[in-house]
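Peer 1: What Swiss-Prot records for ARG149, LYS173, HIS251, ARG254, HIS277 is active site, and it gives sequence analysis as the kind of evidence. The active site, O-(3'-phospho-DNA)-tyrosine intermediate feature in Swiss-Prot is assigned to TYR286. Sequence annotations record features per position, and here Swiss-Prot assigns domain 'Core-binding (CB)' to 3-88. The annotation domain 'Tyr recombinase' is assigned in Swiss-Prot to 109-299 on the grounds of sequence analysis.
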Amino acid sequence: MQPADASVIERFLDRFWAEQGVARQTLESYRRDLEGLARWRDGAGGGLLGIDRAALFDYLRWRTRANYSPRSTARLLSTLRAFYGLCLRDGARSDDPTALIDPPHLPRSLPKALTESQIEALLAAPDLDTPAGLRDRAMLELMYAAGLRVSELVNLPAVGVNLRQGVLRVTGKGSKDRLVPLGEESQHWLERYLREARPLLAANKPVAAVDGQVPLFIDVSRQPLSRQQFWALVKRYAAVAGIDPATVSPHGLRHSFATHLLNHGADLRALQMLLGHSSLSTTQIYTLVARQHLQKLHASHHPRG
């Protein structure tokens, strides 16, 4: 990658973080997308700022031949639109090469939820005789009880928990805060983690702030767990619980939270608020899952099903 492209990418990421307040994971996705295009573009001259629409079409065709998924390509186009839109506003370009490029069609896939019995088995999988096991039980309980995104869970600051009132203050997408009730079960395990496990993981030493805030969930190095670490934990506990790990993901716990609430009669608007969705249309996909559940119940138990 050319040094000029590396410099342009850094400036874009700095600007976008300052103006939009996007999450660190989103910035890293933008970086990967732009660096991938820059490396493919190496040697062609002009770098990222000199690319035209024809070259972008060539890159998209190359990605198709390389078996990149349509979802990955759609995200790439979103990154490039943000990047070249900023270049256009700043006068670094006189046009937007992503204009008139349509994103690939994405089939609307229904979120996959675990059954309630599978959730119970998964939550019971950690070894409660170890500090890490207690921490993991609290994390799993909290993710299912509050419907958190994995990034929200691993980045949750200690000050975001109010055990007296039984609520979490969660910072979601777009740096938007929301209050989420804990529930008795998740509050119980969170209290046990804070009382019995966290001091041992921290070796009774102060936990340093990360990005200005002290993390709630830590490992033995007194650092927050990464999304990848938590992903691996969920897969491991799925195997312990007798569930195919390929069918389980951290986001699946969020899907299960939403689906089970709807199955038990939750209001769609309330669910939207709990999930932190900016648009109700994003939440409505769960009604399809709930409807399928009701149809299966009817077919199984109604005399004329």
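Each position is counted from 1, following the chain as shown.
For all residues, glycine too, the Cβ spot is worked out from N, Cα and C.
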Peer 1: ARG149 (active site) to HIS251 (active site): how many Å between their Cα atoms?
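Peer 2: If we compare the Cα positions of ARG149 (active site) and HIS251 (active site), the gap is 6 Å.
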Peer 1: Whole-number answer please: how many Å between the C-alpha atoms of ARG254 (active site) and LYS173 (active site)?
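Peer 2: Between the Cα atoms of ARG254 (active site) and LYS173 (active site), the distance comes to 15 Å.
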Peer 1: Taking only the Cα atoms, work out how far HIS251 (active site) lies from LYS173 (active site), in Å, as a whole number.
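Peer 2: Just about 15 Å between their Cα atoms.
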Peer 1: Which whole-number mean pLDDT does the model give the domain 'Tyr recombinase' (109-299)?
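Peer 2: Mean pLDDT for the domain 'Tyr recombinase' (109-299): 82.
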Peer 1: What's the most sparsely packed of the active-site residues HIS251, ARG254, counting other C-beta atoms within 10 A?
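Peer 2: If we count Cβ atoms within 10 Å for the active-site residues HIS251, ARG254, the smallest count is at HIS251.
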Peer 1: Can you count the other CB atoms that lie within 10 A of the CB of LYS173 (active site)?
Peer 2: 14
Peer 1: Helix, strand or coil by DSSP: which one applies to ARG149 (active site)?
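Peer 2: Assignment for ARG149 (active site) reads coil.
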